[in-house]
Every structure is written in C-alpha cells, then in structure tokens.
Amino acid sequence: MASTVAPLNADMDLPTNVTTQIRNSTGTKAAGLVVCYSPMMITTNGIWQGVNPLEFSLPLFILQVAVIVVTTRFLVLLLKPFRQPRVIAEILAGVLLGPSVMGQMEVWANMVFPQRSLLTLETVAHLGLLYFLFLVGLEMDLDVIRRSGKKALFVALAGMALPFCIGIATSFIFRHQVSRNVHQSSFLLFLGVALSVTAFPVLARILAEIKLLNTELGRIAMSAAIVNDMCAWILLALAIAISEVNSTALSSLWVLLAGVSFVLFCFYAVRPGMWWLIRRIPEGEAVSEMQVSLILTGVMLAGVCTDAIGIHSVFGAFVYGLVIPSGTLGVALIEKLEDFVTGLLLPLFFAISGLRTNIANVRDPITVGLLVLVFVMASFAKIMGTIIIAALYTMPFREGIALGFLMNTRGLVEMIVLNIGRDKEVLDDESFAVMVLVSVAMTALVTPVVLGVYRPSRRLVGYKRRNLQRIRHDSELRMLACVHTTRNVPSVLSLLELSNPSKRSPIFIYALHLVELTGRASNMLAAAAASASKQNRSGSSSALPAATEHIFNAFENYERLTGGVSIQTLAAVSPYQTMHDDVSVLAEDKHVSLIVIPFHKQQTVDGGMEPINPSIRGFNESLLSTSPCSVAILVDRGLSAAAARMATEHRVVLFFFGGPDDREALAYAWRMVENPGVWLTILRFLPPDYRARSFSTNSNSSSGSGSGSYRSAASYENVDSRAIAINADGSKTELQMDEEYLGEFRARNHGNDAITYVDKMVANSEETVATIRSMDNSMHELYIVGRRPGEAGSPMTSALDDWMECPELGPIGDMLVSSDFSSTVSVLVVQQYVVVGAPMAAVTAPAPSSSDPVRQYVSNANQRPAAAASGAYRPVPGSAAANSRWSSDTVGF
C-alpha cells in the first residue's frame with residue numbers, strides 16, 4: 001500500500017495506522033497533515049518483486065541511520081584540526097541533512113527523509129537520548145559537589161543566576177514576537193534554562209582536548225558544571241510541569257509533587273538496592289549479564305514513570321543514573337553502553353533537531369535580532385559573573401575570562417530544552433532555528449577563545465637534580481612511574497623493590513596511569529576522579545574506572561606494606577601524540593629525577609615479544625627527546641613483584657661501555673646494591689686501545705696521585721656525588737669522567753662482597769655479542785644498560801647500530817630483547833638527562849704506549865685494608881682471581 005498524504009478533516013475518523021502531525025506553519029493545533037501508511041510495510045520481499053525498498057520502514061530506517069552516522073563522522077574528522085567538540089559536528093550534520101540544505105532537494109527529502117518515516121526515527125532517537133542521559137547521570141559524582149568548595153559553587157550560581165535573570169528581564173520585551181499562545185511563566189522558564197545551562201559532558205571533552213582537565217581551572221569548571229546541570233534539570237522539570245497551555249495550577253502542583261516523590265524514591269529506595277546489588281558482586285569479578293539487563297530495564301521504567309507524571313522521560317533516566325553508586329558498577333555500565341549509544345543512537349537525536357531546523361523559516365529580522373541580542377547578553381552576563389567570582393578568590397583575570405567562556409559551553413542539554421520547548425509550542429520554528437544556530441556558534445568559540453586567553457603560568461622553580469648522578473645515592477629519590485595497563489604494575493613494583501627504598505634512602509613515587517583520550521566518558525572519569533586527593537577518594541565511593549582503580553590500589557597497598565616509600569597516584573588522559581608533553585610537565589612540576597616507562601612490547605607465553613599498542617612506542621620516543629630529566633625504559637620479561645619480594649637474592653648485571661647514559665645506569669645500580677638482597681655484577685667493555693688512551697688521559701691530568709692511579713677510599717669520604725659535573729668541564733673527556741665515577745663507586749663500596757666487577761677487552765661488535773651470550777641468563781633477573789653506550793661509532797657497538805629494530809632501546813638494549821637473543825631476563829634501558837648546551841670534549845685516540853694502566857688498576861683494586869684481609873670479597877666464579885671481586889678480562893657469571 002503506497003503512502004498518501006491528505007488534508008486533515010476534523011470530522012474524519014482516524015484509524016490506528018495513521019500518524020497525525022498536528023502542527024502547521026503557524027504553530028496552532030487547528031490543522032495539519034495526515035500521513036498514512038500500512039502497518040505491514042516493515043520489510044520488503046526484495047527488489048526482484050518490483051517494489052521499492054525505501055517504501056518499507058526497516059530498509060528506510062537503516063539507510064537513514066547509515067547516512068546520519070557517516071555524515072556525522074565526516075564532519076567530526078573535518079572539524080578535528082580545529083579542536084571542536086563532537087557535538088558541533090553532530091548538530092551541523094542534522095542541519096546539513098535537514099530542510100536547510102539537503103532538504104531543499106525534493107527528491108532527497110521524499111526518498112531519504114519522507115514525512116512518514118520521521119515517527120520511527122524520532123522514537124529510536126529518543127530511546128538513544130534516554131540512555132545517553134542515563135550515562136550522563138552515571139558520569140556525575142554527587143560527592144564532587146561536596147568536595148568542590150565554595151569557589152566552584154559560587155561560580156556555578158553566578159554563571160546561572162545572572163543569565164537566567166537576563167533572560168527573564170528581556171523576554172518581556174519580545175515575548176509576543178516569539179510565542180503568542182503560551183503562558184508567560186512557561187516561556188520565561190524555558191528561555192532562562194536555555195540561556196543559563198552549561199553542558200557538562202561537552203565541557204569535560206573540551207577540557208580534555210585542550211589539556212586542562214587536571215588543572216585547577218579544569219577542576220573548578222567541572223565542579224561548577226555539575227552544579228549547573230543539577231540546577232538546570234530542576235528548572236527544566238518545573239518548566240515542563242507548567243508549560244501546558246490548558247494546565248491548571250492544581251495539575252502543575254501535582255506534577256511537581258509527583259516529580260519530587262519520584263526523586264526521593266530513587267534516592268531512598270533504588271540507591272540502597274544498588275548498593276545491595278554491588279555487595280553481591282564477588283570481589284574481582286565483572287558485573288553479570290543478568291544484573292546489567294535488570295539495570296538497563298530500569299532505565300526505561302524510570303522514563304515511563306516521569307513521562308506518566310508529566311515530566312519528560314529523559315528526566316527519569318537522568319535521575320536513575322544519578323543514584324547508581326560510582327565505582328565498578330557504574331564504570332562497567334558506561335563501558336558497555338557508551339560506544340553504541342553515543343556512536344549510533346545519539347546522532348539520531350541531533351539529526352531530528354537538524355530536520356526541525358529550517359533556516360528558510362528565519363524571516364523576521366526583528367525577532368532574529370532580539371534573540372541574538374538576548375543570547376549575547378546572557379553569555380556576557382555569565383562571563384562577567386564568573387570573572388567577578390574569580391576576582392573575589394584572587395584568580396588571575398585571564399583565568400576568569402577562560403572560566404567564563406568554559407561555562408558558556410552548550411550542547412545536548414540545551415538541545416533537549418529547545419526541542420521540548422518546541423514540542424510544547426513554547427518556541428516557534430523561527431525561534432528554534434535561531435537559538436540552535438547561535439548555540440552552535442557559542443560552543444564553537446569556546447575552544448579558540450580559551451586557548452587564546454588562558455596561558456597557564458608554570459610557576460616552576462628550577463631544580464638541579466634532573467638525573468641520578470647529581471644526587472647522593474642515599475638521599476631521597478623522586479621517580480615518576482608510568483603504566484598503561486594493569487599488566488605493567490608488577491614489573492614496576494619489582495623495580496621499586498630492587499631500588500632499596502628505606503628510611504635512610506627514601507623514594508617518592510608518582511604513579512601515573514596513562515589513559516588514551518578517546519572521547520569516552522569512562523576515561524574522563526579517570527582524570528576527574530584521580531584529581532581528587534587520596535583522602536577524598538577513600539572517604540567516598542570510588543568513581544575510578546576499574547583498570548585505574550586496580551592500578552591505584554596496587555601502588556597504595558605497596559606503600560602501606562613497604563617502609564621508605566611514599567606514593568601519590570595520578571592519571572593523565574591525553575592523545576598518545578601529545579601525552580609526552582603531559583608527562584614532561586608533571587615531571588618538571590614534581591622535581592622528578594627519573595621517569596620509568598614500560599616498553600611497548602610484552603612477553604608472550606612462548607617467550608617472544610608482541611606489541612601492545614603501536615602508539616606507545618611513539619610516546620616513548622617522544623618522551624626520550626623532550627624529557628626534563630633522566631628516563632628509563634623497562635622491558636618486562638618476568639620481573640614479577642611477588643617473586644621479587646619472596647626471593648632471597650636478586651642478581652642484577654650492569655653492562656658498562658662508558659658515556660653519560662652508562663654512568664646514569666651505574667648511579668641507579670648504586671642505589672640497588674644498598675639492598676642486602678641484591679648481588680650486582682658490573683661487566684665493563686673496553687676497546688683494544690683503552691690502555692693507550694687511559695695513559696694519555698692520565699698524563700694530561702693534574703699530577704698528585706700518579707699516572708693512571710685512583711684516589712684512595714678515604715679521599716672520597718667527603719665528596720658529594722652531585723659535585724661531579726656532567727659535560728660541564730670542557731677539559732674532561734668522557735673516559736676521564738667514566739674513570740672518575742667508577743673510581744668513586746669502587747672506593748665507596750670497598751669491602752662489599754655483593755659486587756662483582758669484570759673488565760672485558762673487545763675489539764668489535766661480534767666479540768661484544770659473544771661475551772654477553774656467554775653469560776648464564778638463568779642466574780639473573782635484570783640487565784641494566786645505557787641507551788647510548790660508549791662513544792659514537794665505537795667498534796664495540798657500531799655493527800649493532802645497523803641492525804636495531806627499536807632505536808629507543810639503543811644497540812645493546814635492542815639486542816637483549818630481540819628474538820635472536822634467547823634470554824628471558826628483564827632489561828632496564830637508562831638515558832641520562834644531560835645539560836643542554838654543555839661543552840663536549842672531543843675524544844681523540846692517542847699514540848700507543850707501553851704502559852699498562854689496566855694492570856695497575858687491578859693491582860690497586862686488590863689492595864685491601866687489614867680488616868678485610870681475611871677475605872671480605874666474593875670471588876668471581878670461574879675466574880683466575882679467586883681472592884678478588886675486581887678482575888680483568890674475565891667473564892664467568
């Protein structure tokens with residue numbers, strides 16, 4: 001049965017399969033159109049039967065959804081370089097597909113969006129809107145209002161009260177220009193809510209995109225937006241209750257009382273039931289399918305209740321989501337629903353708004369001018385109110401302006417208000433179209449204006465301890481430990497355990513969970529909840545995503561069980577392309593000396609390595625080039641936290657080729673040897689011309705200690721290791737600095753039988769690889785290497801440079817984790833932060849000499865004090881020097 005369109009006759013009996021549109025161009029209910037279609041025309045029998053599939057409901061609906069989603073995604077990509085929120089693209093997609101642009105083509109309008117199909121499309125769109133408002137309620141943490149403080153509360157009240165008053169004051173001027181058959185109170189409330197609302201979901205995504213989510217400004221804006229949204233929903237419910245033209249005061253009162261009763265029922269009956277449901281979820285297990293189904297069914301029941309009361313159904317879904325406790329249950333629901341709702345169903349609602357927005361209806365310049373004037377005045381009032389509150393709290397003027405524009409973020413909530421106002425005939429088509437377009441323009445201005453006005457001053461005090469070599473090995477160490485997933489946590493905790501945290505040499509850890517910014521609410525929660533202090537999180541229900549909560553709990557439990565460790569847990573939400581900037585800023589702000597990051601590959605069951613996320617590799621490479629301090633990449637090949645705590649011995653090997661990175665690796669290993677359970681082996685690789693170069697270096701140095709000799713242990717007692725300048729003295733070569741630092745290490749650890757030192761002469765890369773391969777890998781847990789070993793072009797590693805698959809690990813680190821190297825030992829690759837612009841002394845190869853400083857070095861190392869003559873050194877297994885831990889050219893681990 002083909003669809004027909006006939007004039008509406010007041011006397012005709014409408015069958016059940018007829019949909020009526022009772023609105024004409026003037027907005028009255030006296031006349032309209034009747035769209036007739038067969039209720040059986042749902043699916044087609046195929047084009048081979050000679051029928052048009054687009055005359056049937058299901059094929060047409062599928063085509064409409066596909067067109068809307070594809071158009072929305074195309075506009076999202078188009079606006080991405082301008083850092084605009086997705087809601088702008090979604091609204092513009094609806095306008096583009098509606099009568100303003102594509103709808104001008106009659107063929108398009110009749111084929112893709114015919115009048116008879118809009119009922120189905122609008123029904124599904126409102127179902128998606130129902131579940132999205134449920135998600136918005138889940139995102140909101142009511143404890144944030146309690147923790148927000150007076151500043152955020154006053155910002156929210158000033159940002160809502162002033163625009164609301166402006167809307168009421170100016171509506172008296174042009175009310176008859178917009179809606180002539182509506183109670184004035186209804187019009188005032190709808191216009192006031194539309195002008196004063198702040199879109200919390202859109203604001204959260206804007207803050208994350210411009211990297212302000214974790215700042216003080218971002219936290220104030222988020223808290224104020226939550227308060228603003230709560231007030232807006234209350235006012236919207238009030239406006240709906242009294243918006244009917246034929247409603248009486250008594251019926252409006254009953255609507256309000258029933259709405260209040262519904263809210264109380266949700267908080268005092270539904271919320272305890274949710275707590276009971278959460279307690280029935282076994283520890284560590286996911287929410288069951290039956291539990292999820294029951295909760296999602298409750299969303300529709302809540303919508304039915306508020307719709308029956310006389311308030312819009314979205315209000316019930318929002319309140320129902322609001323009462324579900326934050327934490328594992330809430331995050332699980334968000335993760336299951338969000339992609340489907342926001343990616344597929346929500347764009348349908350914006351498409352409906354666009355189909356209702358017909359720019360051709362904007363004809364009266366007076367009405368348009370008045371609406372734009374009111375909108376601008378309300379926005380200006382919100383900005384000024386925010387600036388005044390910011391000034392009272394001594395916030396900088398620029399921050400006040402930025403905060404004011406952020407509070408002017410529009411989005412879904414305003415679209416809901418405008419659509420309800422149009423359905424209730426509070427707004428006519430012309431006013432609706434103008435307010436939609438002005439709202440889009442205002443939201444589009446937020447990001448560029450905030451980026452132009454707000455330039456946060458870093459207020460950072462320069463610090464000198466940007467690497468481990470500049471701090472004493474027994475002083476406090478500040479580390480930034482980054483993790484991407486829960487799988488990274490055990491290896492990082494094991495590394496911390498090996499680092500010898502104690503009251504004598506404490507370690508302050510900033511545990512940072514790196515979350516990729518995907519636009520999903522679940523990873524917004526990571527940053528918003530992690531920005532709260534640990535005490536606030538423990539004092540209320542956690543709003544953290546499950547992965548973030550597990551990571552934070554692991555670090556906090558380690559802090560509780562281990563002495564000498566202080567841990568602060570944080571989360572950073574950023575795109576991987578710019579995530580290194582966030583880490584660098586945090587490291588500099590916290591005066592960190594070392595950043596530990598996981599390798600982008602994980603060990604498989606068969607011992608191989610597979611990538612986790614290719615973007616992590618780009619993040620690691622960017623951080624290595626921009627970090628304000630030293631960086632260490634941890635390659636986990638079984639460095640388990642549980643095994644590390646239970647083991648009585650931990651065997652660590654340091655490969656030392658020379659250079660700043662290797663000295664930094666030695667500085668880290670130095671801290672480890674203070675741990676009584678750590679046995680350290682230092683394998684130093686020396687080129688064949690080392691003897692001649694060492695003699696030349698010593699003969700050019702100041703006299704007093706003899707050529708090629710080291711200072712005694714006593715001479716180092718009062719030397720602060722921070723005094724060793726790295727590349728700050730142009731007269732020192734890298735070899736001199738290597739010898740000096742190794743000499744100090746040897747002197748300070750004289751008598752420590754947990755340290756084994758071995759010199760190995762190698763002529764080329766093949767001998768280097770053979771030496772490392774000859775080691776017994778089953779005895780060791782961790783290899784420590786410098787990222788840039790020795791001198792550039794050194795024959796000991798030059799051939800390895802050409803075969804590197806992972807340059808961020810350097811030649812030695814890359815070899816140790818390659819598939820050709822049958823080792824399952826974890827690797828720590830260290831890069832030292834070197835002062836930019838410091839002079840680098842050229843290292844030249846001097847003429848050969850007959851002197852042998854290596855033998856003299858070994859001889860000096862074997863001279864022990866009388867107290868240690870009874871054999872304080874552990875002999876090197878398999879070495880000829882059985883009575884010495886310092887041996888030359890011997891490898892036998």
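Using the three backbone atoms N, Cα and C, a Cβ is placed for every residue, glycine included.
In TrEMBL this protein carries:
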COMPBIAS  881-893  compositional bias 'Polar residues'
DOMAIN    73-451  domain 'Cation/H+ exchanger transmembrane'
DOMAIN    507-644  domain 'Cation/H(+) antiporter central'
DOMAIN    652-688  domain 'Cation/H(+) antiporter C-terminal'
DOMAIN    736-834  domain 'Cation/H(+) antiporter C-terminal'
REGION    869-893  region 'Disordered'
TRANSMEM  30-48  transmembrane segment
TRANSMEM  60-79  transmembrane segment
TRANSMEM  91-111  transmembrane segment
TRANSMEM  123-140  transmembrane segment
TRANSMEM  186-208  transmembrane segment
TRANSMEM  220-243  transmembrane segment
TRANSMEM  249-270  transmembrane segment
TRANSMEM  317-334  transmembrane segment
TRANSMEM  341-360  transmembrane segment
TRANSMEM  366-393  transmembrane segment
TRANSMEM  400-420  transmembrane segment
TRANSMEM  432-454  transmembrane segment
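Counting Cβ pairs under 8 Å that are 6 or more residues apart, the transmembrane segment (317-334) and the transmembrane segment (400-420) reach fewer than 3 and are not in contact. Per-residue pLDDT, averaged along the domain 'Cation/H(+) antiporter C-terminal' (652-688), amounts to 92 for this model. With DSSP classes pooled into helix, strand and coil, the tally for the domain 'Cation/H(+) antiporter C-terminal' (736-834) is 40 helix, 18 strand, 41 coil. When DSSP labels each residue, the domain 'Cation/H(+) antiporter C-terminal' (652-688) comes out as 13 helix, 14 strand, 10 coil, counted as helix, strand and coil in that order.
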